[in-house]
Amino acid sequence: MAYRGGVHKKPNPIATLIGALFVLLFFSFPYLLMVISSLKTREEITKIPPEYFPAAPQFDNYLKVWASQVDPGNSLLATTVISFGATLLVLLIATPAAYYVARFKFRGRMVFLFLVLITQMLQPTVLAVGLYQEFSQWRGYLVWVALILINGAFNLSFAVWIMQSFFASVPKEIDEAALLDGLTRVQTLFKVSLPLVWPGIVTAIVFVFVNTWNEFAAAFILVQDSSLQPLTVSMPRFLGMYIRDWQLLFTVATVAIVPVVILFALIEKRLIGGLTAGAVK
Amino acid sequence: MSTVVAARRASGWKDTITALPWIAPTLLLIAAVVIYPTILMFQTAFVKYTPQGVERGPAGFANFNGPAGAFTFPTVPWPAIWTNTVVWVVVVVLATLVCSLALAQFLNKDFPGRKLLRLVVILPWACSVVMTTTVFNYGLQADVGVFNRLFVDTGILQAAQGFTKNPATSFWVAVFVAVYVSIPFTTYTILAGLQSVPGDVIEAAHMDGANVIQRYWSIVFPMLRPAIAAAMLINIINVFNSLPILKILNEAPGYHTAHTTTTLIFEYKVKLGPGVASALSIVNFGFCLLIIAIYLAVVKPTKEVQ
């Protein structure tokens, strides 16, 4: 039996309840404030001092925002395209690599794995100027392609690690039986191994998607054209600037966090193995 | 003898060539988007650029220590920036660790609703740091900020403060937010580590008369060491490279005293051009490599796949 904190004793229910309520409130209050603020009127949110709650929740803020100065349509499109693009890219190139390193030993395998690990620890922030020098001439929609490549590259290693640990857990004999039945390696990967490791694939997909959705540094330095900026870059521009329609900003923030929170909740249990490269399970 | 070795070596490289179609796309992407920009960054550091990014010939070490160099440009408060960078990394990482050890211990208990509570804890991890920081920035505004009103209503403050307008306070708000967004990952890593602590050892220690604190420090904590090492080193890199928190919470312009070396890179990029920004990036890059080397040596993440 795994360690559960106490010995024999049941945890004190009152203390546990108080602790649980504190944790619940502490980790949700900024997001509650985000949602509550998104339902205020402009007058309520700019009142000095502010009201805590809206007199009547303004659900139509979520409709008004699209035609307002905040204009989140383009940014939402940018974020969505870049996130789907990076996820697809990682899926296409990390899956075969993960399958192969899990199944075969070859000269250079450890070098490859070290390279992947180093990439996992590096971040676009520290290479931002180099990335700027490389991609600053990619104008127009090409800048989205640049961000797909960048997010793909920096999230690749997590995907390779988590997927190879899943591939490695499938017994080799299953593959060998399929090969004896006349399937090629590629067919074996698609028809036999992939269906067995889908939890690993889903974890990798979701992680890359959420990380790309939330990425800031590379997009900040590369995308000058405001109509092409993803949400993380375009939204903070409105802070403390000429518009005071904070409530609209928070509708966008809410729309931006809901899908990734749901996705993240789905893979919560499997994240650690990939992030610590399996050092902690 | 030597022919056998040679044959084995040849067959080894044949294996590598067979592996290439499977791993080449990954290698290619890493080469193009991680290694190539690193090389570009090193080149750029020795070339003179205008702030707009127009090349003006070789610079030698002028981007580092020239009149407009990264470490010598007047009005940049270097003592404060070095201090901030160290304080930022050390305080955020340690405070995160302490909070996460306690939280993991709590979430590891068996109580109804534990699973749901764990999901709530991931919120700051799943949500974009930009959006989370934006909420704090809004809440702490001197005029319209809800947190400020709450501080005044509860008597914590006499009057509302413009926390984000003053580098001295904005830095500590940023520290708080950085700890806040780092806790979920760290807590989850420690929770995973707690799974490896066997319950019967704890029972035995209890029988021998060890109290809760003794049991924690002499049994649980040592077994958590690998998880703590992994979480801390990953956090050091993440916190060191964190840009949005400091950038969004700090509304003071220019070379103020709340910069870290990371935010200064982006300030330099706009004000002094990519050459000077690259020079500073190289120092940051060196630090990241050092932490990665320690990570590989201490955590040994590859031992399972050998």
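Cβ coordinates come from backbone N, Cα and C, glycine included.
Since we're looking at a predicted model, the values are computed, not measured.
Marked as domain 'ABC transmembrane type-1' by TrEMBL: B:82-295. Annotated transmembrane segment per TrEMBL: B:20-42, B:81-104, B:116-140, B:171-194, B:215-237, B:276-298, in sequence order.
Sequence-distant contacts of the transmembrane segment (B:215-237), counting only residues of its own chain at least 6 positions beyond either end whose CB sits under 8 Å from a CB of the stretch, comprise 89, 92-93, 96-97, 100-101, 105, 182, 185-186, 189-190, 192-194, 196-197, 201-202, 205-206, 288, 291-292, 294-295, 298-299, 301.
In terms of C-beta pairs under 8 Å, the stretch of B:81-104, B:116-140, B:171-194, B:276-298 lying closest in packing to the transmembrane segment (B:20-42) is B:276-298. Looking at which of B:81-104, B:171-194, B:276-298 has the most CB pairs under 8 Å to the transmembrane segment (B:116-140), the answer is the stretch B:171-194.
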